[in-house]
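Visitor: Below you will find the structure I want to go over with you.
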Amino acid sequence: MSTKFLLLATHIISITTISHLVNKIVPSPYMDEVFHVPQAQNYCEGKYSEWDPKLTTPPGLYIISNIIIYPSYVTRLVDFCSIELLRATNLLFSAGSYVLLWSILNHLHPYQNSNARAVNALSLSMFPINWFFNFLYYTDSGSTFFVLLAYLLALKRKHWKSAVAAGVSVFFRQTNIIWVLFIMGVSMVDTLSDNDNLHIHGSLRSIKGADVTFRTAFREIANFTMMAIRNFKLLVPIYFPYAFVFLGFIAFMKWNGGIVLGDKSNHIATIHFPQIFYFISFAAIFSASVTLRHNHTRTLISLVTLKKGLGIKLILTMSVMALLIYLYTYEHPFLLSDNRHYTFYIWKNIYRKHIIVRYLLIPAYLFAGWVLWDSI
């Protein structure tokens, strides 16, 4: 048996075992399952017009669950739409995500050792932020599966199929429309970088190392935009499939009166600049084994102390960051009432200790951002 299938079998056995324990210890709907499970069970009974106004995501999860577990209804082998069976649909998505991740890595890194790809796929499948929701009836696992499927199909240049998968992902979580935009963008870059397309107007160049600056990054974005416009006819096969997804999303927004479905009062869009700092820290921590090098600190200190004018720029940057933190830090009422999320513990045990902590972390944000930028 190859490493890929051995790790897949191990993954399936582990999530199935843990799922059994979760169902045994928590047999009743837990946290947001009190909304998701009854809604799915309504669909099982054919009550498609009934909708819980507390739900904020489209009904993709409930529809797909019904399709997956419908054979159990026909055969009457188990209790149709029981909480155990509904939760089990996420185990299928989890196993499927491992296969998709392996296939994506196989496409992106064809010369990497196959065993390494299999291990990397398993590692990504067990990413903690997503992994825990495999055992509850939440939208996370299915949403991730269909985004990965859409990305894989786009890498294979099967854009119509990719657009269908992307549309399904948006039906799980409407915010996945951002991933649809990303997938379309990646597909455009792939096409414009193809040497076989000799009639392309312009070229994309690779920027490496010290050549990477904010100025060059913005210039290349502008160049890419102009190339996309000049090569519109070439890119039509990419634009067209995803256009249906975007048009459907716009129609939904108009019909719904906003992006949030249902409980709009507790889900109001706001400008929250510090979230960028949180994301940079998150990305730096989870990629530290790849990006962080022993000489990063020494190099940064030498840059600050020796490079003329950098100290002043650093002070100005930190001042702007402090102002953004002061003006745009928001504490959602659900943040400290929902202990299933890591953010609950981070906010409770770090940010809430003292208001000054928010500002003391600014140097850490800058260091994390610099490490990521240097790695790119």
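Backbone N, Cα and C atoms are what each Cβ position is placed from, and that goes for glycine too.
Note that this is a predicted model, so its numbers are computed, not measured.
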Visitor: Do you know which of 60-78, 174-192 TrEMBL annotates as transmembrane segment?
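Guide: That would be 60-78, the stretch labelled transmembrane segment in TrEMBL.
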Visitor: Mind pulling out the one from 85-105, 234-255, 276-292, 355-373 with the most Cβ pairs under 8 angstroms to the transmembrane segment (135-154)?
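Guide: The listed stretch sharing the most Cβ pairs with the transmembrane segment (135-154) is 85-105.
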Visitor: For the transmembrane segment (276-292), could you work out the same-chain residues 6 or more beyond its ends whose Cβ comes under 8 Å from its Cβ atoms?
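Guide: Tertiary neighbours of the transmembrane segment (276-292) are 321, 325, 361-362, 364-365, 368-369, 371-372, 374-375.
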Visitor: Against which stretches of its own chain does the transmembrane segment (234-255) lie, if we need a Cβ under 8 Å and a gap of at least six residues from its ends?
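Guide: Distant contacts of the transmembrane segment (234-255): 58, 159-160, 162-163, 166-167, 170, 174, 177, 180, 183-184, 187-188, 191-192, 197, 199-200, 228.
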Visitor: Take the signal peptide (1-21) and find every residue of the same chain, 6 or more past its ends, with a Cβ under 8 Å from one of its Cβ atoms.
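Guide: Same-chain residues near the signal peptide (1-21) but 6 or more away: 87-88, 91, 94-95, 98-99, 102, 114-115, 117-119, 121-122, 125-126, 134-135.
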